[in-house]
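Record features (TrEMBL):
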- B:Cys44, B:Cys47, B:His48: heme c 1 binding site (BINDING)
- B:Cys190, B:Cys193, B:His194: heme c 2 binding site (BINDING)
- B:Cys310, B:Cys313, B:His314: heme c 3 binding site (BINDING)
- B:20-133: domain 'Cytochrome c' (DOMAIN)
- B:175-283: domain 'Cytochrome c' (DOMAIN)
- B:297-387: domain 'Cytochrome c' (DOMAIN)
- B:1-22: signal peptide (SIGNAL)
Amino acid sequence: MAKKLPSTDVVVVGLGWAGSIIANELADTGLNVIGFERGPWRDTATDFNLASATDELRYNRRQELMLRTKQNTCTMRNKESETALPMRVWGSFHPGNGTGGAGNHWAGITFRFQPTEFRLHSYLTERYGKELPAELTLQDWGTTWEEMEPHYDAFERLAGVSGKAGNLNGTIVEGGNPFEGARSKEYPNPPTAQTYAPTLFAEAAKNLGYKPFPVPSALASRAYTNQLGVTMGPCTFCGFCTNYGCGNYSKASAIVNVLPALIRKPNFTAKTNSEVLKVTMDSTGTRATGIIYVDSSGQEWEQPAEIVVVAAFIFENVRLMLLSGVGEPYNPITNTGTTGRNYAYQTANSVKMFFNDKNFNPYIGGGAIGMGIDEFNNDNFDHSGLGFVGGGSTRVTPIGAAPIDSRPTPPGTPAWGAKWKKATVDNYLSTMSIGCEASSYSTRNNYLSLDPNYKDPHGRPLLRITFDFPENDLKMAQYVTNKVVEIAKTMNPREMVPAPRKGPWANTSYQSSHIVGGFIMGADPKNSSVNKHLQVWGVPNLFVVGSSAFPQNPGYNPTGTVGALAFKAADAIKRLYLQRPGEMISV
Amino acid sequence: MKTLLSLSAMALLGLTVQAAHAGTGADSYNLVEKGRYLAVVGDCTACHTVPGKAPFSGGVAIETPFGKLVGANITPDPDTGLGHWTFDDFQKVMSEGHSKGGKRLYGAMPFTAYTKVRKEDNLALWAYLQTIEPVNNPVETNQLPFPFNVRTSLIGWNMLNFTPGEFTPNAEKTPQWNRGAYLVEGLGHCGTCHTPKNLIGGDKNDQFLAGSNLQGWIAPDITANAHSGIGQWSNEEIVEYLKTGANRFDIASGPMAEAVENSTQHWTDEDLMAVAVYLKDGQPAAAAPQPVAADTPAMVAGKAIYADRCSACHVPNGEGVKNLFPKLAAAPLVNSTDPTSLIRVVLAGSRAGGTEAAPTGPAMPSFAWNLSDDNIADVLTYVRNTWGNAAPAVSVGEVSDLRGDLHP
């Protein structure tokens, strides 16, 4: 039986990027805010000590920053007719744990989505009409670029993003991404320096008439102090970046950029190692009354609150809603319900290139240090007659070739022994890869639900993922990979290995942690769960924030948009909800 | 009987406070507020509040070269605090180092500095202390071993080391300078850490603020000496350091981080500027010593170790990153004759204090597990003799001695 605690103004579930941003914004208004985090408190100075942070065995092989699957995992299947099985090790993606969440081990690539993304269904219907593949359930976001732009800007300033504007107030700027939406301000920091492989790629792309630009990076190019007064150090290109915490305060994260300022505020409390079990609702189901959480001793507590903000990783956002009975669970057979609907992923493609005469010094790098082009992304090219929509961000971002996992050997090399060792030595310095992080479009059959068979240690059903790559996305993957091969050829490698994404979806190797949907935003409560303020339809004091709100995933990394949505929700609560608590939009 | 005693103490107190207000007609708000500020300036909490425990309820252990002393409970609790004290008892502590009943206090209670505090300020401090929540917390303050625990030894100590008397302004200086002097020499008790000590723990007053070794740290030279002191810091940079814990030269860590967090960040800008004006005045710039030659084996090895292990944060030219990674070039601590603090942070690591203005609280990791005593001596010799720095080479013996003491 849960013991009841005194009520507070706001509870925030999850202290990653989204939860920390909202908690900080609301604490600034004077509200009493309690943040709940199922994992430990993480802090750069103690957890990512520079003398031990660069430990590949610990952080990459043994995944120290990831959620333990014994605490919570997902079950997976490709289609409705299969019985889902639990993921006992993480493979396809990496859910994080502890304060900072997955925003500790991310790569730092911080794109904005394009203006057309926020009305994707309308836009593609206008352009392609009946040609649009019938299997897709694309939707508009119920918001606009103009409404999103200030919040993208706020997140870029918070995270100290380094980059080069390509479209400043409608004027195309040389050297930036010409396909981006009109931005009101330049990036807060100039682009980082580039290593050899991205430089070579950018030259090749430019020679083919493309417009290469520095990948927008939350790894600081210089010392930077953000609007909360927190300082980042310049990135050293140490090469221990994706899957690691940053010891230099260079990779933006909630623990570097937000929590040091937030935790000093007397009206904010963080409760760590405290797993939220459910959102409690009043008898009418139209008001959240607080949350139930369990501490590390197994004691359950009820924390009543006036406002409940759920800002965990996408899987837990959706599962908490299903467990709390918020919204009708989605049913793909009847095509009814909204909770669990429009689940999508990311379609990761690559072309690996082996050279004889190059030295890329691949151990130098960072998760977001690189050059990219956007000619084959989303709808930046004409899809008429191609039989698919969507595309990907093409780029070279060498994250750092650490000694255990970086064994770039050409096809035909034995997996062990003297020949393998020799091939490693021959190829380690002279191999590079072009990636294409491509869109993942939602369909009727891809969705999230509670698993009927498997439970977590608290006896609650695990989340079940039903997903496979849609035909549309597999065609797109082949197309964009062919385009990347054309660029790669002009760079004259000795050998190339194109790897377009193929089905079926599996958990055997890492693809991407860019998982979206399941509690999506929109303009209509019939096919969306939250309105454009991230406010749950019909439960006005409950907000669910994160990539769970994306109706589909474009060919970009999601974190910039997760951060912008967090600022957007906080802004709506401050500006509208606190003035007049209730539905901010009525339909 | 107990009740009676308490009543009489209260009555006395009432009289005293009233006396302090005679003629003003004001209530005690202004006086208490002033006292609260002065208690912050004096950093009373450093020794009298255990973090997380009730304010001023005592119990903080202070390690001295002679043994352990513990900060007293100074809440108005009648049994374990100052509940039976009068203002005159308190004034005697501050001005003479005599506790209630004439018991002599040890120098860890910095009465050698507090003697300079004006009586009117002590009245404010006392008024504030009366408003603190009384907490019953018995504290055994004297935990020194024999013979140091015998307080009669303090008679001789006081004769040698203590000059009682309120601060007297220097008529040739500005009011701002005099305010700075009053704060630094008096309630701020900067010399308690920063002035070298004689064999029995008294201040060497001819070397006021010239740097001192305590608790395995160096409290660096904070005189206007341009090489080993803060002569290169502008007044504004001194204020910034005390306000935020960091400026372009340095970030507070160790005991100074606590001093900034608990005390100096809360001082008024006017008081901090007065401190800067006073500290920067009058000291002749000493001629810098010759640096160790760059081609000695230690310097060559140290340069390579620095590039590998240090330059990612402190950057290749030793300039560091403001608010995160201390500047090593032209830093008083680095140029100090005594390398104790430097050896200590490399062996044991150190965490800077977080403040409102620079909240991160970055840390230097321990390198004890993967740098040998030779490595550490070499890299510190290099750091102390590059980018304009000049200081004696660090010996392997100095590193191994501190390693033995610290067990990092």
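Using N, Cα and C of the backbone, Cβ positions are placed for all residues, glycine too.
Note that the coordinates shown come from a computational prediction; the quantities given were computed from them, not determined experimentally.
All features noted in TrEMBL, drawn onto the structure.
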{"residue": "B:Cys44", "record": "heme c 1 binding site", "Cβ within 10 Å": "21"}
{"residue": "B:Cys47", "record": "heme c 1 binding site", "Cβ within 10 Å": "22"}
{"residue": "B:His48", "record": "heme c 1 binding site", "Cβ within 10 Å": "23"}
{"residue": "B:Cys190", "record": "heme c 2 binding site", "Cβ within 10 Å": "22"}
{"residue": "B:Cys193", "record": "heme c 2 binding site", "Cβ within 10 Å": "22"}
{"residue": "B:His194", "record": "heme c 2 binding site", "Cβ within 10 Å": "23"}
{"residue": "B:Cys310", "record": "heme c 3 binding site", "Cβ within 10 Å": "22"}
{"residue": "B:Cys313", "record": "heme c 3 binding site", "Cβ within 10 Å": "21"}
{"residue": "B:His314", "record": "heme c 3 binding site", "Cβ within 10 Å": "20"}
Could you give me three numbers for the domain 'Cytochrome c' (B:297-387), the DSSP helix, strand and coil residue counts? 42 helix, 7 strand, 42 coil
Of these binding-site residues, B:Cys44, B:His48, B:Cys193, B:His194, B:Cys313, which are close to chain A by the rule of a Cβ under 8 Å away? B:Cys313
Smallest Cα-Cα separation from B:Cys313 (heme c 3 binding site) among the binding-site residues B:Cys44, B:Cys47, B:Cys190, B:His194 is shown by B:His194
Report the residues of the chain - excluding B:Cys190, B:Cys193, B:His194 - with C-beta within 8 Å of the mean position of the site's C-beta atoms, for the recorded heme c 2 site, in sequence order. B:His189, B:Gly191, B:Thr192, B:Thr195, B:Leu209, B:Ser212, B:Ala219, B:Ile222
Residue distribution over DSSP helix, strand and coil in the domain 'Cytochrome c' (B:20-133): 44 helix, 12 strand, 58 coil
Shell list (heme c 3; ref centroid = CB of B:Cys310, B:Cys313, B:His314; cutoff 8 A): B:Tyr306, B:Arg309, B:Ser311, B:Ala312, B:Val315, B:Gly320, B:Phe325, B:Leu328
Quick check for the class: what is the C-alpha distance, in angstrom and rounded, between B:Cys47 (heme c 1 binding site) and B:His314 (heme c 3 binding site)? 33
Quick one: Cα separation, B:Cys310 (heme c 3 binding site) versus B:His48 (heme c 1 binding site), in Å? 38
The DSSP breakdown of the domain 'Cytochrome c' (B:175-283) into helix, strand and coil residues is 51 helix, 11 strand, 47 coil
Between B:Cys190 (heme c 2 binding site) and B:His314 (heme c 3 binding site), find the distance joining the two CA atoms and give it rounded to the nearest Å. 28
CB-centroid shell, 8 A cutoff, heme c 1 site B:Cys44, B:Cys47, B:His48, site residues removed: B:Asp43, B:Thr45, B:Ala46, B:Thr49, B:Phe56, B:Gly58, B:Val60, B:Gly71, B:Ile74
Roughly how many Å separate the Cα of B:His48 (heme c 1 binding site) from that of B:His314 (heme c 3 binding site), to the nearest whole number? 36
List the Cα distance (Å, whole number) between B:Cys193 (heme c 2 binding site) and B:Cys44 (heme c 1 binding site). 15
